[in-house]
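> This structure is in C-alpha cells; I'll ask about it shortly.
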Amino acid sequence: NQTEVREFILMGLTNLWQLQCTLFAIFLMMYLASLLGNAAIVLVAIVEPKLHTPMYFFLGNLSCLDIFFSTVTVPKMLAGFLMPVQTISFAGCMAQLHFFHFLGSSEAILLGVMAFDRYVAICNPLRYTIIMRRQVCQILAAATWFAGFFHALMHAVATARLPFCGPNHIEHFLCDIKPLLKLACGSTHLNLMLLNTVASSVAMGPFIATLLSYFYIIIFLLFKVQSRSGRQKAFSTCGSHLMVVGLMYVPVLFNYMLPSVENASQREMMVTLIYSAVTPVLNPLIYTLRNQEVKTAVLKIF
C-alpha cells in the first residue's frame, strides 16, 4: 500500500511538473511575442515619416506601456512555474504593485485620449492639425503617464502603511491591492475607499469619454458623411481602437468594479491574466492586421 501511495504521489508530482513546464513555454512565447510586436510598432512609428501623426504617436505610447506592463508581471510569473515556492520581498511587492497600477491606469487613460483623437480627426478634420498639434499631443501623453504614476503611488503608499502580522501567502500571481488587503491586520477602510472611488474613476472616466467620443463619431458618420467609402474607412480606423478598448476596459471593470466575495481569488487571477499577459500580445496584432499603413511600414523596414 505504501508503494502504491508513493507511486501515486510521484505520478501526481510528475503531471504537475509537466503542466507547469507547458504553461511556462506558452506564456514565455506570448511574452516574447508581446515584446517583439510592440517593439516593432514603436520602431515603425519612429522611423517611418508617414506615421508621424498624432494617431501613431499615441499608438507608440500604447506599445511602450504594453511592453513595460507585461514585464512587471510575466517574468515573475514565469519564474514561479520553475520554482516550488515563489517568494517576493515586501519592498519588491510594493514596487510591483506600484508599477502594475501605474502602467495599467496610464494605458486606460491613454485609450480615452486616443478616442478623443479619433473624434477630432473624423468630426473636425479641417481643424485636426490645429487641435492635435505636436505640443498638444506631447502634453496629453505626458499627462497620461504622470496621472497613472501618481494614482499608483497613492495606492502603493496607502498599502505599504498597513500592518501585516498574519499569514504571508498572497492568493495571486502578483502583488495586487485586493489580495494584499486580505492579509492586513489593521483597518483597510482608507484603502477600500481609494479603490472604490479613485481607482474606479480612473477606469470609468476614460471609458465614458471613449463611449461619448464614439457616440458622436457614429452620429457624424450616419448623418454627415454620405459616401460609403468614407464611412468604411472611418469605421476601419476606429475598429482597431475599439477592439483594444474592449480587451482592456472589460476585464479591468469586471475586476475592480464588482464587489469581492470569498471565492473570488481564482476569478480575479484569471481576469488579471487576460489584461496583463494576453492583451499586450493581441494589441500589436490588431493594429497591424487591420491597418494597411502599419503593415506597409513594417514590410518596408523589415
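The backbone N, Cα and C atoms fix where each Cβ goes, glycine too.
The transmembrane segment annotation in TrEMBL covers 21-47, 53-74, 139-158, 202-223, 235-257, 269-289. Among the features that TrEMBL reports, domain 'G-protein coupled receptors family 1 profile' is placed at 37-287.
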> Just to confirm my parser: what is the rounded mean pLDDT across the domain 'G-protein coupled receptors family 1 profile' (37-287)?
85
> Should anything in the same chain at least six residues away from the transmembrane segment (53-74) have a Cβ under 8 Å from its Cβ atoms, list it; otherwise answer none.
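Hits for the transmembrane segment (53-74): 27, 30-31, 34-35, 38-39, 41-42, 45-46, 96, 99-100, 103-104, 106-107, 110-111, 113-114, 117-118, 121, 132, 137, 140-141, 144, 173-174, 237, 244, 276-277, 279-280, 283-284, 287, 294.
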> Counting only residues 6 or more past its boundaries, what in the same chain has a CB within less than 8 Å of a CB in the transmembrane segment (269-289)?
27, 30-31, 33-34, 37-38, 40-41, 59, 62-63, 66-67, 69-70, 72-74, 77, 100, 104, 171-174, 176, 240, 243-244, 247-248, 251-252, 254-255, 295, 298
